[in-house]
């Protein structure tokens, strides 16, 4: 993403330097794939070039569950009953208990799972301390499985792996292993590299699986397991751009909810500490839940919405889980309503763009941020949900320019007359598609229109859309066919994308899936000759 990223400093990050070894220089670039080979392994798992493959004594551990990423990491999550009767798990991170019923543990601790049928929090017994309590299921992985390896990142995308590895503080050879996006059952080794022509970049090597077991990048060098492959390339570049040096740094994922059965919580369990912002309908605070857990708290003015309608909608909202959506943790459902979410320490995207950091952001960072937002909205699209109020003020920013969509679905519940009139003073008319503003037809396609407006906010570093025009004028002009011109220094190709989002007929606007793909590949497919300008 560029030099604006900074390495996570807290003790929660999982990072390990691999054993230094001799420097073996090899050619850069990916290896050609050949036919499925059959060659034997030596005692260390590395197979020589001239003998028949002997399957390992123990079968490769089965993959367990899926993956779901948070700010900067994906972590194993339960996808069903424990695979193959596995009940012993290993902790991937430290966890400090938040209630009397959950269990503290340290990274590397082995845990016996007592009951995993209760959703995101499992009852577990620590084999180290002898204590029993609830644990977040996405903080552990089956013992001796691939997920338990620090370098295994599971189902993250190629783009997300680059986002993590392109941290200026990562040394050459920083790496991770992920599932292949294109070949079922295969993996990909992603490695950070540096050269004078490209600067910091990432190379991706497909790890192929043998029919009879084992793995290889190039057919001349084969291994019984991924662990042996990683150990070998940590000592020898052997054709990679660089030998593997350091596991890609990661931060703890968000837990799914605050604790076991902590959904409707008492107001007294929250402490409001630092006021972060104020809007038409309430305030946003940084605070603490139960004296243990940092959270963000949105307080709504009484009368903003019906508590019953809010609680019903919140039940739907809490099921929306994606690494690019701000996670809803808990609610206080009696007025004044409190909405408790994960805390994002850089605040709203709008304030971030207008602040000190905004002036240093260039097009690659801004396009990457827009791709993250499109990724979150593509999930909303797949879930047949509608945001209704997509704009920079409702996007939150965390470390390393991570962006997450917030406040999805709340706009539908607001009962204020100045808002429900749709052309009242509190209604975000400049972001709203004409069919939604005029006739109340809010759909995912009206969200696409709003995303086009959000792109102008990004490329102008937070300027209000339609400068010099009042709401009524905007509505009239847009109905007559007016569309905002290309912002200064913004490539025409990006303005063309905005105009696609602003097509009059909703069904002619692109999908968020398309927008995500376009933006993620923007500098390879659309603007490969990009050169930084004064502002972009």
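Each Cβ is built from the backbone N, Cα and C atoms, and glycine gets one as well.
Residue-level annotations in Swiss-Prot identify, among 134, 216, 419, 419 as phosphotyrosine.
Note on 17, 42, 70: Swiss-Prot annotates phosphoserine at 17; no matching annotation appears for the rest, which is not proof of its absence. Less than 8 angstroms from the CB of residue 187 (phosphotyrosine) sit 177, 178, 179, 180, 206, 207, 209, 215, 226, each of them six or more residues away in the same chain. Within its own chain, residue 282 (ATP binding site) has 298, 299, 300, 301, 304, 336 as residues 6 or more apart in sequence whose C-beta sits under 8 angstroms from its own.
A count of other CB atoms within 10 A of each Cβ picks out 284 as the most crowded of the binding-site residues 276, 284. The two recorded residues, residue 276 (ATP binding site) and residue 530 (phosphotyrosine), have Cα atoms 36 Å apart.
Other C-beta atoms found within 10 angstroms of the C-beta of residue 278 (ATP binding site) number 11, with every protein chain shown included.
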